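Annotated domain 'Enolpyruvate transferase' per TrEMBL: 16-435, in sequence order. The 3-phosphoshikimate binding site annotation in TrEMBL covers Lys28, Ser29, Arg33, Ser174, Gln176, Asp328, Lys355. Annotation source TrEMBL lists phosphoenolpyruvate binding site at Lys28, Gly101, Arg129, Gln176, Arg359, Arg401. Under the heading active site, proton acceptor, TrEMBL lists Asp328.
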Amino acid sequence: MSSAQSKRPLQSAKCGALVGDVRVPGDKSISHRSLMFGGLAEGETRITGLLEGEDVLATADAMRKLGAKVTRDEDGTWHVRGVGVGALREPDSVIDMGNAGTGIRLLAGIVATHPITTFFTGDASLCKRPMGRVADPLAQFGAKFVTRDQGRPPMAVIGTDEALPITYTLPMASAQVKSAVLLAGLNTAGTTTVIEPKPSRDHTERMLRHFGVEVDVQVNDDGGRTISLTGPCTMTAADIVVPTDPSSAAFPLVAALINPESKVTIRDVCLNPLRTGLITTLIEMGGDITITNEREEAGETIGDLVVTGKNRLKGITVPAERAPSMIDEYPVLAVAAAYAEGETRMCDLAELRVKESDRLAAVAAGLAANGVIHRIEGDDLIVTGGVVPGGGLVETHLDHRIAMSFLVLGIGAEKPVKVDDAAPIATSFPVFEEMMAGLGTSFAPSNR
Ligand code: S3P
């Protein structure tokens, strides 16, 4: 795991056209879920295309500690022999989730309705993040939580074997909270219901069905969704092909758009409609993006993105409703906005404050360090594009997406952009530097 001792400064300098054909690693959200659901199912689940980043490897270890048998073949195929819903074993040591917010929150849901006590910890970033958003609804099932001040990990979950089903309206758009509640419902007699006022990524719903769980999804008059399942559920092992991660594809995508002579193809990108807000936004900004070869694979829409830098991007207003479908992409959108003509307003980014870092503050600080005009009004971020002076040092705060976004900023800046620590990139995109170098970027170790 990344730590202060192993900080790895990196800089990114202006480069020529980016050209190439790439395939980014597997989707992080789907990878976490495939290991967890495989571990809960009866039988053996085979997973191909799994993201082998630090976050997902932490989930693999956690599932082993909870009793599942998790192995990897030399060719990268993973096998999970599940224990069955209700049969997880009490871990005999603390589970270290590293940097993984999705990992800790979804697992909290799973163990909350098993009669075991589980201790979780994580890195300095995870230990600052709020767990109250899952602990509150999970306590209504009957589980008990012990956390540090303000609901921060380390966290103990004392699960219940007499869980009561709940109906829960999400106070924020969060697929993690929705998933934690639904997963607690798997081992709860009766119907568990989650009402989400704004739809968030639905990988949990889709994958639970793939494992044989009946999940009812109703679209509400206000556009929100009501999702329910009735437990106790039996899950049956099912093979998973993990599509590639649109949140990782975002980096070569924006890099190509802001670099005029570029032409890049990004293959097999997961185009789940609840994940494509960035593509919609960049097309609205005038970006030349063509989706080809669109098809369905393993319950998800995937396609290839052909991107060129021929159109100069234009500033737009990105509506608040779109936020859940591109929540992880705002840092790199802010980078695109720094090169766009005019002002880009990104509305209602409150949730960015509780990610791997306070991303609103980290993005603003990174833009300021590199001479990009911007302001924060309430929860909106407004960026004025133009020539990017660069020359600044960006603090990444153990946040992979801050590191990758500002390395992308550097590819068109007048002076190199430095990030203080590229090590966290390994949490979600271990081959980022290699892949970007293959396209023609100029990244180099930096002495800060
Ligand atoms: C995720 C949900 C999102 C996202 C995170 C992955 C998931 O978090 O930011 O990277 O896999 O469910 P929130 O639920 O906090 O919005």
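Cβ atoms are placed via backbone N, Cα and C, with glycine included.
Pairwise Cα distances among Lys28, Gly101, Arg129, Gln176, Arg359, Arg401, which the record gives as the binders of phosphoenolpyruvate, peak at 19 Å.
When secondary structure is read from DSSP and collapsed to three states, Ser29 (3-phosphoshikimate binding site) falls in the helix class. Arg129 (phosphoenolpyruvate binding site) sits 20 Å from Arg33 (3-phosphoshikimate binding site), taking the C-alpha atoms as the reference points. Between the CA atoms of Gly101 (phosphoenolpyruvate binding site) and Lys355 (3-phosphoshikimate binding site) there is a gap of 8 Å, rounded to the nearest whole number.
Secondary structure at Asp328 (3-phosphoshikimate binding site), as computed by DSSP, is helix.
Counted within 10 Å of its Cβ, the other Cβ atoms near Arg129 (phosphoenolpyruvate binding site) come to 20, all protein chains included. Close to ligand 1, meaning a Cβ under 6 Å from one of its atoms, are these of the binding-site residues Ser29, Arg33, Ser174, Gln176, Asp328, Arg359: Ser29, Ser174, Gln176, Asp328. In the three-state DSSP classification, Gln176 (3-phosphoshikimate binding site) falls within a helix. DSSP assigns Lys355 (3-phosphoshikimate binding site) to coil in the three-state reduction, outside any helix or strand. In this structure the C-alpha atoms belonging to Arg359 (phosphoenolpyruvate binding site) and Lys28 (3-phosphoshikimate binding site) are separated by 19 Å. You'll find the Cα of Arg33 (3-phosphoshikimate binding site) roughly 21 Å from the Cα of Arg401 (phosphoenolpyruvate binding site). The two recorded residues, Lys28 (3-phosphoshikimate binding site) and Arg401 (phosphoenolpyruvate binding site), show a Cα separation of 13 Å.
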